[in-house]
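Engineer: Just passing along the structure, written as structure tokens.
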Amino acid sequence: MAPKKRPEAQKPLEVVLRPRSKRNRSPRDPEPEAKKLNVTGCAPGRRSDSDCLPAGLPGLQDPQPCSSLVRALHQHRLGRTAWPSLQQIGAGGSITGLKFNLLNTNQFFASSMEGTTRLQDFTGNTLRVFTSSDTCNVWFCSLDVSARSRVVVTGDNMGHVFLLNMDGKELWNLRMHKKKVTHVALNPSCDWLLATASVDQTVKIWDLRQVRGKASFLCSLPHKHPVNSACFSPDGARLLTTDQKNELRIYSASQWDCPVGLIPHPHRHFQHLTPIKASWHPRYNLIVVGRYPDPNFKSCAPYELRTIDMFDGGSGKMMCQLYDPESSGIVSLNEFNPMGDTLASTMGYHILVWSQEEAGARK
């Protein structure tokens, strides 16, 4: 059965701005150091992709705490904290995937356009190289790690996926996609279940215990456009995919081959933009994703802002939007901390940190 697409919004949203200075900053001016908060809520005057949520959040585990959490999010300026300094790779050496080593918090795994997947520490030492292409034509685009099964999985720009153990031994190397593997994800509940996404417009689900070749996938999920990411929900029961155009899809473990939800959302891709990827909240049924307004998108409004959008993962309805008027770039990646009360958003050379730290003082 074909999934039913979410209807276009009848009740629009409005972005409420709080000006920080008397003059309007030119788009060419450098971004200010201080970051401020703007949270959009349910109000008339702006078209939206989906209806705005009421006070309660249907489909969430605990609506009231979740509602107050997101509505109270604000950005906290971290100041000039002394962070560890790592040796830079240099031009063309972008980090494409990073995971902390849960067995040693002073270490992290990283895949890069340098052509390696490696284990490093925070003093800049390379402890182990898992994969190395030894050529500038092949690089690694994605990475995931299971501390429980002690395995590392990484994908390259030629469609290959590598599975290795923590000691660096290669278990297999297979060409699972026709083109670049943009994302790999191990299921947090069943870490033998692997999802891979590719610019060949497919997402594939694999059982690592039964991989015999490129045709041994459990199911293939075709998309209309290349796919940036495929992320399992924290409970492992659902899969969230982000394409390179205007659609978020939600799949359920009970029926992987058919999406249970489609959310229209503008996040088109171009070559020099970090791919926009939607992600889950670690505790609630929430989806967060950066918006890149598209004049060709059906619900696009004039002068639409580049907001951070939050959706109810059950109903697909818009919950709220976050926006910083002094940092108006495109937010490509969003990640909550494990408690879910702080959100980090990447925007070009900037990282925006939204937290509840000062929420009590402002009430």
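Heads up, residue numbers simply count up from 1 along the chain you see.
Glycine is treated like the rest: Cβ placed from N, Cα and C.
Unlike curated records, TrEMBL annotations are generated automatically.
Since the structure is predicted, the reported quantities are computational estimates derived from the model, not experimental observations.
In case it's useful when we look at the structure, here is the feature table from TrEMBL:
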type	residues	note
COMPBIAS	1-11	compositional bias 'Basic and acidic residues'
COMPBIAS	26-36	compositional bias 'Basic and acidic residues'
REGION	1-42	region 'Disordered'
REPEAT	174-216	repeat 'WD'
Engineer: Counting by DSSP secondary structure, give me helix, strand and coil numbers for the repeat 'WD' (174-216).
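Structural biologist: Final tally across the stretch: 0 helix, 20 strand, 23 coil.
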Engineer: To what whole number does the mean pLDDT across the repeat 'WD' (174-216) round?
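Structural biologist: Summarising the repeat 'WD' (174-216) by its mean pLDDT gives 95.
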